[in-house]
Amino acid sequence: MHPVSKRSISILLFENPSGAFCTSSSRRGFSSPPISHLLKKCSTVSQLKQVHAHLIVNSPPTSLPSSLRGSLICSYASLGGVAYAAILFDRFPSLPSILLWNSMIQGYSKTTAPQQSLRLFQQMLLIGVTPDDYTFTFAITACSRYGSFKSGECVHGLARKSGFVFNQFVGNALVSFYSFFSRSSDAQKLFDEMPLRDVFSWTSLIRGYVNAGDLAAAKEIFKEMPDPNDVTWAVVIAGYVSHHRYSDALRCFRDLLQQHPKVKPNEAIFVCVLSACAHLGALDQGRWAHAYIDKIHFRKSSNIYTALIDMYAKCGRIDSAKEIFDKFHSKDILTWTSMISGLGMHGHGQEALRLFYQLVSLGIKPDGVTLLGVLNGCSHSGLVDEGCHIFDNMIHLWGVVPKIEHYGCFIDLLSRGGCPEKAFEVVKTMPMIPDIVIWRCLLSACRIHGNVHLGQQIVDHIAQMATGSHSGGHTLLSNLYASMGQWDKVAKVRKSMEGRRIDWAPGCSCIEINGVVHEFLSADKFHPLIKEIREKLDEVLRRLSGEGYYIPNTTPVLFDLVEEEKVQAVAWHSEKLAVALGLMTTEEGTPIRITKNLRICEDCHAAMKGVSEVYKREIVVRDRSRFHTFKSGNCTCLNYW
DNA sequence: CGTGAGCACT
């Protein structure tokens, strides 16, 4: 290690080289706050080594103050410089003090190997070093990060014996630990026993209820708590997002801005809000959030850029997404991934591939999600050879072991690309149990290609497996028989399912009009204008049929209804209701954007084409897997989805 | 030397 001048360190670590660090640190010496501040600013081991070198030049290693040695150990360990941390920890004349143990345990808890913290904790107990409140705090945090509930309970027991459970930090760490594992009642119990509660305790408790899925309880506690801060709000908003309650998340955000001006929204909140807009396809609100971020001059990190790109892509504005992507210069793997996935779902497979190889050539390693995005892009653009090449080389080129979702994508690629037999072979030989998604995409390919023989073979295969205990197979099987019109078999499967809970995701479509998101369920009864909307829809469908653009197609209906009832069920699919509202409330010629939670059915797809031609409207439908842009009677998916 | 939050996905 060679010494580095103070000035170059300050240039390295601060944006302003003539900043306060140089003068203040030389005046106050090493134990002054600026040095520990500086250590925290280091984000790589090599930066840390430079600061370290600078310290050694000014004082021999053995005389480094203990607290500084602790900071260094902690920083080295947490940045992955385990070897350096270990040298500072045990190659000194004096035995490591409790402070150094704690630094070591804390440092490891932040790495990808937090179990090392627990190993050290165990070791110190074995050689008779008495842990203190700091030790317990770090050890418990390590248990959450390590994902070991058992070890956490064990540490909790030790903390109780030694009386440290009543320490503020240890107590908070424990509440957070139980909340992390969704054990809201355990977290509540600890919370109730705490002598003092602060914003950390409350926030962790709320997080526990959110994780456990009890949003109502989380909301109650949130209302009760004294002074929620930005992190508390982030937990609540993220809670709504994680339970797919996107409109509630946006409502909560508006409430924060309007009723609580003292709390300033932070990065996590903006990311969640943009994500909610993305899921809803709420372009106006997404734009508004974007404008708000710019208005308050919020520093846009790569996370914010990623969320913006994702939002614009999922709201149908791939052009805006690209613009942001091109202008941003410190892209990380997430930024690239959201752009690649966005291009893929818009059917711009070639461009997704181009970006993907550009990323690779920059020496950045794509991860599993990036590969999923690019494979998905290939499958939606029919780039079978390119997709196969990427899938076949995932492990040896990028070290990513394909998971079930990669297989799903690959099978989708093969079956759409005209090789359903090959896809079925992959399904039979893949190293995991195929899930519903995979069967569904195989079968839909058989249906599109009219390959009844293979379809029947697959259904038989599933029937064989469904006789086992997998109840998910039954629902799928019954739907499959229904889609082939084999109602006697449907009845048989349904009978064997009696008494079981069937989880049926209802179709749901969203349309945003003047910044208000309208949600429709299939055969919706709840929208205040539902009567008018249905009348409008009837009129639209009559006009389409009259002009020869649309014939009701009832194959997507999975229930055994008589024919007229089927026509009705298809007619009231949520996306048709949404498009009717769009036609009623927006000006002629403006595009209509709809977001749907399931895949669009053939009947709706045909109807949308008709509407785009007859009413001269561009209609953009985002379904579960991609974008469909309908224009003059055609769709960008080329009838392939 | 401390405790709480977020994104990309078949």
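Residue 1 is the first one shown; counting continues down the chain.
Glycine too: its Cβ is placed from the backbone N, Cα and C atoms.
Taken from TrEMBL as is:
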- A:550-641: domain 'DYW' (DOMAIN)
- A:97-131: repeat 'PPR' (REPEAT)
- A:198-232: repeat 'PPR' (REPEAT)
- A:301-331: repeat 'PPR' (REPEAT)
- A:332-366: repeat 'PPR' (REPEAT)
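Sequence-distant neighbours of the repeat 'PPR' (A:332-366) (same chain, 6+ residues past either end, Cβ-Cβ under 8 Å): 302-303, 305-307, 309-310, 312-314, 318, 321-322, 325, 372-374, 376-378, 380-383, 386, 390, 398-400, 622, 625-627, 636-637. For the repeat 'PPR' (A:198-232), the predicted model reports an average pLDDT of 93.
Through the fold, the repeat 'PPR' (A:198-232) approaches residues 168, 171-172, 175-176, 178-184, 187-188, 191, 238-240, 242-243, 245, 263-266, 268-269 of its own chain, all at least 6 residues removed from its boundaries and within a Cβ separation under 8 Å. The list of residues near the repeat 'PPR' (A:301-331) in space but at least 6 beyond its ends in sequence, with Cβ under 8 angstroms from a Cβ of it, reads 267, 270-271, 274-275, 277-279, 281-283, 286, 289-290, 293, 337-339, 341-343, 345-346, 348, 593, 620, 622, 627, 629. For the repeat 'PPR' (A:301-331), the DSSP counts in helix, strand and coil order read 23 helix, 0 strand, 8 coil.
Secondary structure by DSSP for the repeat 'PPR' (A:97-131): 24 helix, 0 strand, 11 coil. Here the repeat 'PPR' (A:332-366) has, by DSSP, the following mix of helix, strand and coil residues: 26 helix, 0 strand, 9 coil. Applying DSSP to the repeat 'PPR' (A:198-232) sorts its residues as follows: 26 helix, 0 strand, 9 coil.
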